[in-house]
Amino acid sequence: MARKFNSLAFIASPAEEAQKAAEDLRAVYGDHDPDKADVIVALGGDGFMLHTLHRTMNTGKLVYGMNRGSVGFLMNRYSTENLHQRIANADENAFHPLEMRTTDVNGDKFTALAINEVYLFRQSYQAAKLKVMVDGKTRLDELTCDGLLLATPAGSTAYNLSAHGPILPLEAPLLALTPVSPFRPRRWRGALLPNHVTVDIEILEADKRPVNAVADHQEVKSVVHVRIAESEKLTARILSDPDHSWSDRILAEQFSN
């Protein structure tokens, strides 16, 4: 049975095309305060959708995106017609973000959330050296690489795919641990981990080989330790058209040229 939503809130990226779309949709459907609306309609590209999901994770709000950007992997097709019906018939995907806890060279601590991935990368011309632990057990004593990332199924088609990591079905209870340009160990190309594990990464020779850490768009410089785990307290909820579902998009990506 289709759900019924009475109120929509339209938010748009600063791009002219997105702003114009918001004006057109408000003229047809009205507009509500995002805090009080049943559904938030995000207009823009994938970056804006990520930003919107970060804003709504602690509220449980449903987000329906329409592409007014470039790639639009996370977005639905843009149209001003039958929007209430499209949203009522949409499939819902709900997932927990990753929580990144960092300690930097000064001992300062910082926490950030990631829907796509948490990644570490070398800050200088020298390769990073990392010690990798999973649930307290050391799995790699020393990984020499340009970087390392932990991706969710939702983020597995983004940076993770560019780094030759595996694409994960959206419903898979897995995380992809993927190295970026690994040098040693020679044959290690990553691992699939259960989504309930805690991953600790210790930066070796941090003063000589500085490393930054990023959770989606939030960057912390010169870290010495990073802990990553799924945050079960927060949930991102996204709606997709049945004929262009998120799961189908991820499947199609595995057969693209």
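Note: Cβ is positioned from N, Cα and C throughout, glycine not excepted.
Annotated features, as they stand in Swiss-Prot:
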BINDING   Asp46, Gly47, His51, Asn116, Glu117, Asp146, Ala154, Thr157, Ala158, Tyr159, Asn160, Leu161, Ser162, Gln218  NAD(+) binding site
ACT_SITE  Asp46  active site, proton acceptor
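The Cβ of Ser162 (NAD(+) binding site) lies under 8 Å from no Cβ of any same-chain residue at least six residues away in sequence.
Other Cβ atoms within 10 Å of the Cβ of Ala154 (NAD(+) binding site) number 24 in total over all chains.
Taken over all pairs of the listed NAD(+)-binding residues (Asp46, Gly47, His51, Asn116, Glu117, Asp146, Ala154, Thr157, Ala158, Tyr159, Asn160, Leu161, Ser162, Gln218), the Cα spread reaches a maximum of 27 Å, rounded to the nearest whole number. According to its DSSP assignment, His51 (NAD(+) binding site) is helical. The most densely surrounded of the binding-site residues Asp46, Glu117, judged by C-beta neighbours within 10 angstroms, is Glu117.
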